[in-house]
Amino acid sequence: MRVHVADHPLVAHKLTVLRDERTDSPTFRRLTEELVTLLAYEATRDIAVEPREITTPVTTTVGVHLRSPRPMVVPILRAGLGMLEGMTRLLPTAEVGFLGLQRDEETLEAITYANRLPDDLSGRQCFVLDPMLATGGTLVASIEYLFLRGARHVTAICLLAAPEGLRTVEDAVGDRADVTIVTAAVDERLNERGYIVPGLGDAGDRLYGVV
(Lines of atoms letter the chains of each structure in order from A and count residues from 1; the text may use other names and numbers.)
(Lines give C-alpha, C1' and ligand atoms only; values in the text may rest on other atoms or scores of the structure.)
Protein backbone atom coordinates (compact mmCIF):
# COMPACT_ATOMS: atom_id res chain seq x y z
CA MET A 1 0.00 0.00 0.00
CA ARG A 2 1.22 3.46 -0.88
CA VAL A 3 0.17 6.64 0.93
CA HIS A 4 0.67 10.05 -0.66
CA VAL A 5 0.07 13.24 1.32
CA ALA A 6 -0.31 16.19 -1.04
CA ASP A 7 2.23 18.79 0.05
CA HIS A 8 1.13 22.02 -1.63
CA PRO A 9 0.29 25.47 -0.25
CA LEU A 10 -3.04 25.63 -2.09
CA VAL A 11 -4.03 22.26 -0.66
CA ALA A 12 -3.14 23.47 2.84
CA HIS A 13 -5.02 26.75 2.34
CA LYS A 14 -8.23 25.15 1.09
CA LEU A 15 -8.10 22.50 3.80
CA THR A 16 -7.75 25.19 6.47
CA VAL A 17 -10.92 26.92 5.26
CA LEU A 18 -12.75 23.57 5.17
CA ARG A 19 -11.76 22.90 8.77
CA ASP A 20 -13.10 26.24 9.99
CA GLU A 21 -16.48 25.78 11.68
CA ARG A 22 -17.59 29.17 10.32
CA THR A 23 -17.39 27.98 6.70
CA ASP A 24 -20.93 27.65 5.33
CA SER A 25 -22.19 24.75 3.20
CA PRO A 26 -22.00 26.49 -0.22
CA THR A 27 -18.38 27.49 0.42
CA PHE A 28 -17.60 24.04 1.82
CA ARG A 29 -18.98 22.37 -1.32
CA ARG A 30 -17.04 24.65 -3.66
CA LEU A 31 -13.76 24.23 -1.81
CA THR A 32 -14.23 20.47 -1.62
CA GLU A 33 -14.51 20.33 -5.41
CA GLU A 34 -11.41 22.49 -5.82
CA LEU A 35 -9.40 20.46 -3.31
CA VAL A 36 -10.41 17.16 -4.90
CA THR A 37 -9.22 18.39 -8.30
CA LEU A 38 -5.82 19.11 -6.78
CA LEU A 39 -5.75 15.68 -5.13
CA ALA A 40 -6.92 14.04 -8.36
CA TYR A 41 -3.86 15.42 -10.13
CA GLU A 42 -1.69 13.48 -7.67
CA ALA A 43 -3.94 10.40 -7.74
CA THR A 44 -3.76 10.03 -11.53
CA ARG A 45 0.04 10.16 -11.85
CA ASP A 46 0.11 6.45 -12.68
CA ILE A 47 -3.07 6.29 -14.73
CA ALA A 48 -2.77 3.84 -17.62
CA VAL A 49 -2.04 5.39 -21.02
CA GLU A 50 -0.92 4.11 -24.40
CA PRO A 51 0.75 5.74 -27.43
CA ARG A 52 -1.38 7.49 -30.01
CA GLU A 53 -0.29 8.99 -33.32
CA ILE A 54 -1.84 12.35 -34.16
CA THR A 55 -1.39 15.08 -36.73
CA THR A 56 -0.74 18.61 -35.51
CA PRO A 57 -1.08 21.69 -37.79
CA VAL A 58 2.67 21.28 -38.43
CA THR A 59 3.46 17.55 -38.56
CA THR A 60 2.63 14.13 -37.22
CA THR A 61 3.73 13.09 -33.75
CA VAL A 62 3.10 10.46 -31.12
CA GLY A 63 1.38 11.36 -27.87
CA VAL A 64 -0.63 9.31 -25.38
CA HIS A 65 -4.26 8.77 -24.51
CA LEU A 66 -6.04 6.93 -21.73
CA ARG A 67 -5.95 3.19 -22.19
CA SER A 68 -9.09 1.07 -22.27
CA PRO A 69 -10.99 0.07 -20.25
CA ARG A 70 -11.90 3.52 -18.98
CA PRO A 71 -11.15 4.38 -15.35
CA MET A 72 -13.99 3.97 -12.88
CA VAL A 73 -14.74 6.70 -10.33
CA VAL A 74 -16.61 5.42 -7.27
CA PRO A 75 -17.96 7.98 -4.80
CA ILE A 76 -19.02 6.50 -1.48
CA LEU A 77 -22.55 7.70 -0.71
CA ARG A 78 -23.42 10.23 0.50
CA ALA A 79 -20.43 12.41 1.34
CA GLY A 80 -18.39 11.11 -1.59
CA LEU A 81 -20.87 12.73 -3.97
CA GLY A 82 -19.49 16.11 -2.93
CA MET A 83 -16.13 15.04 -4.38
CA LEU A 84 -17.42 13.77 -7.73
CA GLU A 85 -17.44 17.05 -9.68
CA GLY A 86 -13.88 17.83 -8.63
CA MET A 87 -12.72 14.42 -9.84
CA THR A 88 -14.56 14.30 -13.15
CA ARG A 89 -13.44 17.83 -13.97
CA LEU A 90 -9.95 16.37 -14.35
CA LEU A 91 -11.08 12.97 -15.66
CA PRO A 92 -14.22 13.66 -17.71
CA THR A 93 -14.15 10.42 -19.72
CA ALA A 94 -14.21 8.16 -16.65
CA GLU A 95 -17.22 6.01 -15.90
CA VAL A 96 -18.95 6.64 -12.60
CA GLY A 97 -20.34 4.00 -10.27
CA PHE A 98 -21.80 4.37 -6.80
CA LEU A 99 -21.31 2.43 -3.61
CA GLY A 100 -23.39 3.00 -0.50
CA LEU A 101 -21.45 2.24 2.66
CA GLN A 102 -22.13 3.76 6.03
CA ARG A 103 -20.59 3.37 9.44
CA ASP A 104 -22.61 1.79 12.23
CA GLU A 105 -22.21 4.36 15.01
CA GLU A 106 -22.34 1.63 17.65
CA THR A 107 -19.84 -0.86 16.21
CA LEU A 108 -18.03 1.56 13.82
CA GLU A 109 -18.24 -1.21 11.18
CA ALA A 110 -19.12 -0.50 7.54
CA ILE A 111 -22.55 -1.55 6.27
CA THR A 112 -23.33 -1.82 2.53
CA TYR A 113 -26.74 -0.43 1.59
CA ALA A 114 -26.41 0.45 -2.12
CA ASN A 115 -24.45 -0.68 -5.17
CA ARG A 116 -24.51 0.76 -8.66
CA LEU A 117 -21.41 -0.77 -10.20
CA PRO A 118 -20.68 -3.18 -13.07
CA ASP A 119 -20.37 -6.80 -11.99
CA ASP A 120 -17.16 -7.11 -14.00
CA LEU A 121 -14.39 -4.59 -13.30
CA SER A 122 -11.63 -6.65 -14.90
CA GLY A 123 -8.60 -4.53 -15.72
CA ARG A 124 -10.13 -1.34 -14.35
CA GLN A 125 -8.36 1.35 -12.41
CA CYS A 126 -10.82 2.48 -9.75
CA PHE A 127 -10.77 5.79 -7.88
CA VAL A 128 -12.71 5.71 -4.62
CA LEU A 129 -13.94 9.07 -3.31
CA ASP A 130 -14.48 9.20 0.45
CA PRO A 131 -13.73 12.45 2.29
CA MET A 132 -12.82 11.04 5.70
CA LEU A 133 -10.59 8.02 6.29
CA ALA A 134 -11.40 7.62 9.98
CA THR A 135 -11.61 4.06 11.34
CA GLY A 136 -10.85 2.63 7.89
CA GLY A 137 -13.71 0.14 7.86
CA THR A 138 -15.57 1.78 4.99
CA LEU A 139 -12.50 2.02 2.80
CA VAL A 140 -11.45 -1.58 3.49
CA ALA A 141 -14.94 -2.77 2.54
CA SER A 142 -14.83 -0.67 -0.64
CA ILE A 143 -11.42 -1.99 -1.67
CA GLU A 144 -12.44 -5.60 -1.08
CA TYR A 145 -15.68 -5.05 -3.00
CA LEU A 146 -13.84 -3.67 -6.05
CA PHE A 147 -11.10 -6.30 -6.10
CA LEU A 148 -13.67 -9.09 -5.85
CA ARG A 149 -15.10 -7.77 -9.11
CA GLY A 150 -11.74 -7.76 -10.85
CA ALA A 151 -10.40 -4.23 -10.37
CA ARG A 152 -6.72 -3.94 -11.33
CA HIS A 153 -5.80 -1.03 -9.05
CA VAL A 154 -7.68 0.96 -6.40
CA THR A 155 -6.76 4.52 -5.47
CA ALA A 156 -8.63 6.19 -2.62
CA ILE A 157 -8.88 9.98 -2.53
CA CYS A 158 -9.62 11.37 0.93
CA LEU A 159 -9.66 14.92 2.24
CA LEU A 160 -8.34 13.73 5.61
CA ALA A 161 -6.96 10.53 7.10
CA ALA A 162 -6.43 9.36 10.67
CA PRO A 163 -3.42 7.20 11.62
CA GLU A 164 -5.79 4.55 12.97
CA GLY A 165 -7.61 4.33 9.65
CA LEU A 166 -4.39 4.05 7.68
CA ARG A 167 -3.27 1.21 9.94
CA THR A 168 -6.59 -0.58 9.46
CA VAL A 169 -6.29 -0.40 5.69
CA GLU A 170 -2.64 -1.46 5.77
CA ASP A 171 -3.50 -4.44 7.99
CA ALA A 172 -6.19 -5.46 5.50
CA VAL A 173 -4.27 -5.04 2.24
CA GLY A 174 -0.69 -5.63 3.40
CA ASP A 175 2.12 -4.63 1.08
CA ARG A 176 0.22 -5.05 -2.18
CA ALA A 177 1.25 -2.36 -4.64
CA ASP A 178 -2.16 -2.02 -6.26
CA VAL A 179 -3.66 0.09 -3.45
CA THR A 180 -2.90 3.80 -3.11
CA ILE A 181 -4.28 6.41 -0.73
CA VAL A 182 -4.03 10.09 -1.61
CA THR A 183 -4.98 12.60 1.07
CA ALA A 184 -4.58 16.28 1.90
CA ALA A 185 -3.39 15.55 5.46
CA VAL A 186 -2.94 12.87 8.08
CA ASP A 187 -4.40 14.19 11.33
CA GLU A 188 -3.54 13.41 14.96
CA ARG A 189 -5.97 10.70 16.02
CA LEU A 190 -9.57 9.56 16.41
CA ASN A 191 -11.66 10.59 19.39
CA GLU A 192 -13.89 8.24 21.40
CA ARG A 193 -16.71 8.68 18.85
CA GLY A 194 -14.50 7.71 15.92
CA TYR A 195 -14.17 11.26 14.59
CA ILE A 196 -10.90 12.60 13.20
CA VAL A 197 -9.11 15.14 15.43
CA PRO A 198 -8.69 18.03 14.67
CA GLY A 199 -10.63 17.03 11.56
CA LEU A 200 -13.36 19.10 9.97
CA GLY A 201 -16.48 17.59 11.50
CA ASP A 202 -18.96 15.39 9.63
CA ALA A 203 -18.21 15.99 5.95
CA GLY A 204 -21.67 14.87 4.80
CA ASP A 205 -23.44 17.19 7.20
CA ARG A 206 -21.23 20.11 6.25
CA LEU A 207 -21.73 19.46 2.54
CA TYR A 208 -25.48 18.95 2.59
CA GLY A 209 -26.77 19.94 6.01
CA VAL A 210 -27.82 17.64 8.84
CA VAL A 211 -30.31 14.95 7.75
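Glycine is treated like the rest: Cβ placed from N, Cα and C.
Features reported for this protein in Swiss-Prot:
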BINDING   Arg78, Arg103, Asp130, Pro131, Met132, Leu133, Ala134, Thr135, Gly136, Gly137, Thr138, Asp202  5-phospho-alpha-D-ribose 1-diphosphate binding site
BINDING   Ile196, Gly201, Asp202, Ala203  uracil binding site
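Structure coloured by features recorded in Swiss-Prot.
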| residue | record | contacts (Cβ under 8 Å, 6+ apart) |
| --- | --- | --- |
| Arg78 | 5-phospho-alpha-D-ribose 1-diphosphate binding site | Gly204, Tyr208 |
| Asp130 | 5-phospho-alpha-D-ribose 1-diphosphate binding site | Pro75, Ile76, Ala79, Gly80, Met83, Thr138, Leu139, Ser142, Ala156, Ile157, Cys158 |
| Met132 | 5-phospho-alpha-D-ribose 1-diphosphate binding site | Ala79, Cys158, Leu159, Leu160, Ile196, Gly199, Ala203 |
| Gly136 | 5-phospho-alpha-D-ribose 1-diphosphate binding site | Glu164, Gly165, Leu166, Arg167, Thr168, Val169, Ala172 |
| Gly201 | uracil binding site | Glu21, Tyr195 |
| Asp202 | uracil binding site | Tyr195 |
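Cβ atoms within 8 Å of the centroid of the Cβ atoms of Ile196, Gly201, Asp202, Ala203 (the uracil site) belong to the same-chain residues Pro131, Met132, Leu160, Tyr195, Gly199, Leu200, Gly204, Asp205, Arg206, site residues excluded. In three-state terms derived from DSSP, Thr138 (5-phospho-alpha-D-ribose 1-diphosphate binding site) belongs to a helical segment. Once Cβ contacts within 10 Å are tallied over all protein chains shown, the binding-site residues Ile196, Ala203 are led by Ile196.
Just so you know, the Cβ of Thr138 (5-phospho-alpha-D-ribose 1-diphosphate binding site) picks up 26 other Cβ atoms within 10 Å once every protein chain is counted. Every protein chain shown contributes to the tally, and the Cβ of Ala134 (5-phospho-alpha-D-ribose 1-diphosphate binding site) ends up with 26 other Cβ atoms within 10 Å.
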